[in-house]
């Protein structure tokens, strides 16, 4: 034991433990628990049956109480392990309970009623994952529709964002024209206008265009991201102008220069913007909440919020669907978080 | 082996890019004609057009008519159908016996939201900056697997506000994980989201939990830009860690801290999504914040009043503009200082 401890607490250069080292590890381990714990608990809970979810104190593993169909009874009966006076244990099914005495039957011999004091019995339970939580929302509710809507919004908005932002960034980095700095100022100014400030007029614009209750009404206002234009412009400024001059000599059109030279060279920045855009659009909530009022056009976020806001919250479904909603973002996190963290550290955008 | 994999990747990439190349060719002919008219430099307008069109329609135009909306009354949606009322909406927002007592105001909910938001901003920003700073300092130490630990704190940043709200609703509910811990520790379970003060505290904690990783990253980048020789010199002089922190780290990190401070302020003023899912503004109005007030008055409540909602949103926008100008000023100063170095 002391060897293990010695190995674990050995420090480089034989230096001792300073209080800052203790604090560092306290913060890191605490952070690990606090940051991942809640999400893991949610995933864990999503595999429990409604009965198991209603239990307090909650168990860590998803248990279900065992039931059996007994001859002569219409409903399935709950099984209990009953301790006999001689210490042996047998499994009985409960017919009904009167005060502290339960009337039970042996499934093998359903004719005979046995009276048992409830202190002498424990529910028979087994571990089982309630996969129904995941299946039912797709079959009985509209979650498949919401999922499809969310995917559509995310993919289309990201593609349009990449195209329009890169075109604008190209114009702002590689051309000299009158009013260029004015355009830049205008884009900077829009950084100051968050959605929450223009909700009412934007809603009227969308309605006037007939885009209320349409996924396009969710997509279009989000695609001209100032941060995207900025980021791509910064990147394109590093591409040497000589490349463009050479292409012009070879009679390439401006469109070809943009499409065949600039875009491929901007690929790393485009990739970062694409990741950001996917996360942004997948997570959008306030604007879809306003534009989408019919269930057929709900995105996952809006649908989830609606079901969670109902008086009689069906937590077992909500939990499972929250996990489903989390999946794409968790995948992005696992595979691409290095891109994002370096992207943020470099540019300070989110 | 690597060659084979590269070959497959190249071929797959070519297959994905084939329609893209086709798209380029289709567009090329008409665009060449356009270019003949505008000249190559004139094509800049063409490249700018889609983005600026979207900006114009969905940002600038709404911004301008927002001012008109705030000067009209009634429940009609389109500006043409609305009646001009001048500054009445602002007058209504500001008609108060005493601004400190929302009950004495005509629009009591607005002032409840204002005071709630103010309290939230002060507490949340202080806590956010403190936790982000400690996290950045910890992550800046010599750690094995630093990128792993960095990712740990960054994880909740990517989660959607709805997911964040639901995760914590599940944990804070009467029979949730937190009450299990309280119960195991021998305490009496609390109904966290039904008790006013606890619900308000929860909104602060949850929003810090969800975003602190982002700000910690910005501060970490700032810490890593501090020259190492300063620390080496301090170590040779045998300076104590706390003194090193006050005399070297904090002054040199000040510009980044300022950026984080203003950014958190801007975000905290607009807080809506995760709180709306977590508490819905309740219990009562104890977690009703400004954006939710605007949303409810403009869209959700039975007595919809778009004019009032826009007036409130313009007041909030004015605060945000001031904060953003400060942020841009700081960013510019930092940039110049960076150039001088």
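Note that Cβ sites are derived from N, Cα and C of the backbone, with glycine treated the same way.
In TrEMBL, the feature transmembrane segment is placed on B:308-331, out of the ranges B:284-307, B:308-331. The stretch from B:43-69, B:198-223, B:244-266, B:308-331 that makes the most Cβ contacts under 8 Å with the transmembrane segment (B:151-171) is B:198-223.
Recorded stretches compared: B:43-69, B:198-223, B:244-266; the one with the most Cβ pairs under 8 Å to the transmembrane segment (B:308-331) is B:244-266. Nonlocal intrachain contacts for the transmembrane segment (B:43-69), taken as residues 6+ away from its ends with a CB within less than 8 angstroms of a stretch CB, comprise 31, 34-35, 79, 82, 306-307, 310, 313-314, 317. Remote same-chain residues near the transmembrane segment (B:198-223) are listed as 116, 119-120, 123-124, 127-129, 131-133, 135-137, 139-140, 150, 153-157, 159, 161, 164-165, 168, 172, 190-192, 249, 253, 255-257, 259-260, 263-264, 267-268, 271, 274-275, 278-279, 282-283, 286-287 (criterion: CB distance under 8 Å, separation of at least six residues from the stretch ends).
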